[in-house]
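Copied over from Swiss-Prot, here are the features:
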SIGNAL    1-19  signal peptide
CARBOHYD  ASN225  N-linked glycosylation site
ACT_SITE  ASP253  active site
CARBOHYD  ASN340  N-linked glycosylation site
CARBOHYD  ASN365  N-linked glycosylation site
CARBOHYD  ASN608  N-linked glycosylation site
Amino acid sequence: MRSLIRSGALNAFLAASLATGQVLTWDEAYTKATSDLSLLSQEEKVGIVTGVTWQGGPCVGNTYEPTSIPYPSLCLQDGPLSVRFANPVTVFPAGINAGATWDRELIRARGVAMGAESRGLGVHVQLGPVAGALGKIPSAGRNWEGFSNDPYLAGIAMAEAIQGMQSSGVQACAKHYLLNEQEYNRDTISSNADDRTIHELYLWPFYDAVKANVASVMCSYNKINGTWACEHDALLNGLLKGELGFKGHVLSDWNAQHSTVQSANTGLDMTMPGSDFSTPPGSIYWGDNLAAAIADGSVPQERLDDMVTRILAAWYLVGQDQGHPPVAFSSWDGGAASVNVTTPEHGELARTIARDSIVLLKNTNGSLPLAKPASLAVIGSDAIVNPDGANACADRGCNKGTLAQGWGSGTAEFPYLVAPLDAIEEKLAGAGTAIITSTTDDATSGAEAAAAAETAIVFITSDSGEGYITVEGHEGDRNNLDPWHNGNLLVQAVARTNTPTIVVLHSVGPVTLETILAEPNVVAVVWAGLPGQESGHALTDVLFGDYAPSGKLPFTIGKSEEDYGADWTTSQVDDFAEGLFIDYRHFDQYGIEPRYEFGFGLSYTSFNYSTLSTSISTTPGPTTGETIVGGPSDLFAPIGTVSAYVANTGHVAGAEVVQLYIGYPDSAPSIPPKQLRGFDKLHLVPGESGIATFELTRRDISYWDVGLQKWVVASGTFEVFVGASSRDIRLTGSFTV
């Protein structure tokens, strides 16, 4: 089993990814930007902050090009997993899969590779990564674009992705800021959350993004406590630019701007796409209207100068003044690029991430890995590429064939798509295995195929996406958490032929599995998420035992939809009544037994935990440091470490994600029983031991005090939980502050 083996080329790429860094500091970038500012005319300044209208340039967003300085029309392009519309590009696994790897190195490398392809195509601002939707609602349409509904895991992934992307010379854009937690009514709903919930959940990963020097942040469509996100003074000026010390620029989501003067004065720096989507272009809030507002004093000149300085500084920060390539594609004519930015290493990286994100949920009596059986039934439409073509549905707005992306603006055009059946046939070529197929979702046909086989693999799906596309009655958000296309009935029909049945689930997030798990002949269940272009290869790597599965769930799978405590609403208001208690925090707080808990994932080997060591030293009380990029300077001060020994006690090589959870003392008011505050992925051969080390900061043991308006370390005894998941705790300890 080759759990630890990667090609020399990929290892070299990973090593180089970790060695990359920022081109300039913010101070250096601001010095250059300030020098340029004095050379610009008022018209040029307004052009830099205003989009040139929808489809007014080759990219989904474009700005006006000044002539007084050597600065281009900026190209802003989706997205969070590849370069939208362009081809050829590498279609990486979705953010939710990257999160399921729990692997900092792979998430950083994914960012480096995506950034390199974006830069090679001339993109200046890559619209990703995603921390909003965070994922409080398990059925929300765009959760899959982000990494996890846990803010700590999401924050670590955001930082790694941003550092990777920007090291390749492209500006990252952290989105969607803030509380954009559902698609239904996303452009009218008011997300009403209290200050503490905002800080400890939804703002948390944006702290990490800003600390990682993210160049830009996208404000969202929704209102927050009654005020539009893109004209929210407390949100943009108070929190983002004030408390977090953000130095980059804030750009609107496409048509999320609602005013000229108010949006300018409350912190918006760039409007996208500059007009609405009508043809010819309709309302334009900035451009001439912004110039007029400055002329009559409604918007101070200093505010425009600040907008321009922030945008120019972000451009300098990542070295885009140093030979950045011209835009090499058009979003509006099929996207054929004049250069090929894909590489073999990027393809191998996509396969590695997809493979390492696979979560083994059930494995009765070692049913996996599969030997090469005499006969194998492969069942379900998810086993093959969409018969109309992998890219047949615009923005992947259908669920036909194998599911490897969700739908919406966060998608890309497949250069190729390896379907599971293709990879299985490739894997078993020459093995003498008879492969019997039923590549529809018809239960009768599936049962007939299974009855003729020694083992059956059933492929099922659950899809979602952005609300401007409706797929099979789902308006972005999922209507429920059931498998699509009568997946429960298909699995039942197959399993009731008494054939050992393996279920492979391609989904955007949690799916209710109780009907499937009630079938005694369902011997294994695998969650493969949205694995991108190398889907089939990654899956067969695990199914046939070339690699041990090492993914862990970045969300909880409950036994029913009611278990989660949050759902999307048809109302114009969401009061976020669940507060801090989402996902595993909710399950823990209310004593609900999940089907598969947050952080869960089986392996083909076993691991033993021992020798917990805790060395923490700090003082209780609030933060007192000055604001730097990322927040108060002492918030990220190291306070010590927790460590544990982990040994591979099985017979094959494997990787274990060792997880640290912290429980707060009673002096911390109304707080979840435990919260993720560290993870370390150890790759171990049989008999090998390693040390999982978790370095803690003050933030990791702080809560937000609404009265003080500061992060506070509570006094008392903190509980330490180290384990293989949020419920599988192997070691416990404590420390006192």
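Cβ coordinates come from backbone N, Cα and C, glycine included.
A map of Swiss-Prot features onto the structure.
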residue	record	CB count, 10 Å
ASN225	N-linked glycosylation site	18
ASP253	active site	22
ASN340	N-linked glycosylation site	13
ASN365	N-linked glycosylation site	7
ASN608	N-linked glycosylation site	13
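In the three-state DSSP scheme, ASN608 (N-linked glycosylation site) is classed as strand. Rounded to a whole value, the Cα-Cα separation of ASN608 (N-linked glycosylation site) and ASN340 (N-linked glycosylation site) is 46 Å. On a Cα basis, ASN340 (N-linked glycosylation site) lies 47 Å away from ASN365 (N-linked glycosylation site). In three-state terms derived from DSSP, ASN365 (N-linked glycosylation site) belongs to a helical segment.
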